[in-house]
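Quick look at what TrEMBL annotates:
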- Asp150: active site, proton donor/acceptor (ACT_SITE)
- Asn9, Glu385: Mg(2+) binding site (BINDING)
- Lys16, His209, Leu210, Gly211, Asn212, Gly213, Asp284, Met285, Arg286, Gly331, Ile332, Gly333, Glu334, Asn335: ATP binding site (BINDING)
- Arg93: substrate binding site (BINDING)
- His182: site 'Transition state stabilizer' (SITE)
- Arg242: site 'Transition state stabilizer' (SITE)
Amino acid sequence: MKELILVINAGSSSIKFQLFENAATDPAVLYKGQIDGIYVDPTFTAKDAADNKLASEKLPADKPKGHDTSLHHILDWLKDKTHGGKISAIGHRVVHGGTKFSEPVLITPEVIKELEALIPLAPLHEPHNIAPIKIMNDLLPGVPQVACFDTAFHTTQPELFQMFALPYEFAQKEGIRRYGFHGLSYAYIASVLPELDPKAAKGCTVVAHLGNGSSMAALKDCKCQATTMGFTAVEGLPMGTRTGTLDAGVILHCLNHLKMDAKQIEDLIYKQSGLLGMSGVSSDMRDLHAASPTNPRAKLAVDFFCHRVSREAASLAQAMEGFDALVFTAGIGENDNIARAEICKQLGWMGVKIDLEANDKRSGEPRKISTPDSKIPVWIIPTNEELMIARAAVKNLA
Ligand code: ADP
């Protein structure tokens, strides 16, 4: 009987899923989809491996609109698509693994307790990652579940690079340090880099994971040396709606002078800022490029984003004391030729030079876009976080 692996990536308002078949070499995706608008107006969409649309429907209005109903819906839809196979393992994306989890872990009642203890470190995300684990325990009892952490890849950062300049004992006691996120994406890049660019894989590579959430990481010998995200996923680059790095004094000003409360400040830095807040137009780069010719604020947001990415690239190269390759990945990194061209132009003084024609070409394959005389090779490598989760789950097949 075919062994199937279900990968679940649950957030506060959406659940993404992929169903893989455990093939001889690597898990092969069969179906993927998501439910958006959980708690508001849940909508289910699904595609096959070749991206053919198979479903696009609202969930029944008379049912509760939470994660429970959504997971039921996904399993019901998958029922007649298992081709005689059975779901033998489930992999979950979990945002925070704290200091303890540096590898994927088989979920047990004790592990769930440990994950619950991490909720204060990621209150906006961790509860939504834990809920589906418990629900799947009830829906598919006995099927092993594996948690894969966004923080895990960054546990190799030298201690110095994990620190904030806070009182030492306070930071230690409260677990306030740079954890870093998007680790599954970086782990995927690290898994394919040795074949694509062996010299960079052995050396110093700056990876730019630029999507709705954006971060960058310095990979030395394919291990994380430093990363732009810190204690939370609001640090570092400006994002779709998040500020990125912000003078901590601004928060105090909002609290003490503007009398904003914690929820208002949370909304300000997580939901109203970044590309959306600067432009007043959209959190989506495509909209900003379309608006830029006539809207100076849309252009300002794009310019600010590119400036911060190029600046962080230089900073991360310094953290490694080397720069052997630059890799773009995720929604903007993989698709936005305009942002890539601008970022690389700004890094020209370091010897980055791209072939603009290669940069403009669209392809879902990994490819080099630098010119032969560029001092630093520049790559576009489509990321695949779900595959990393599926691979981890395969190790724990029932
Ligand atoms: P998430 O962080 O939600 O996983 P993605 O990595 O899918 O996000 O990135 C989504 C973002 O990628 C969009 O908000 C948009 O800014 C950008 N994007 C997607 N396609 C394009 C494109 N063709 N051109 C420019 N930007 C794009």
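Keep in mind that glycine also has a Cβ here, set from the backbone N, Cα and C atoms.
All TrEMBL annotations are machine predictions without curation.
Here the Cα atom of Glu385 (Mg(2+) binding site) is found 9 Å from that of Arg93 (substrate binding site). For ligand 1, the recorded positions lying close by, meaning a CB under 6 A from one of its atoms, are Asp284; the full candidate list was Asn9, Arg93, His182, Asp284, Glu334. Its Cβ taken as reference, Glu334 (ATP binding site) is surrounded by 20 other Cβ atoms within 10 Å in the chains shown. DSSP classifies Ile332 (ATP binding site) as helix under the three-state reduction. Separating the Cα atoms of Arg242 (site 'Transition state stabilizer') and Ile332 (ATP binding site) is a whole-number distance of 15 Å. Cβ environment of Ile332 (ATP binding site): Leu210, Gly211, Ser214, Met285, Ala339 lie under 8 Å away, each six or more residues apart in the same chain. Set side by side, the recorded positions Arg93, His182 differ in how many other CB atoms lie within 10 angstroms of their CB, and the most is found at His182. In the three-state DSSP reading, Arg286 (ATP binding site) counts as helix.
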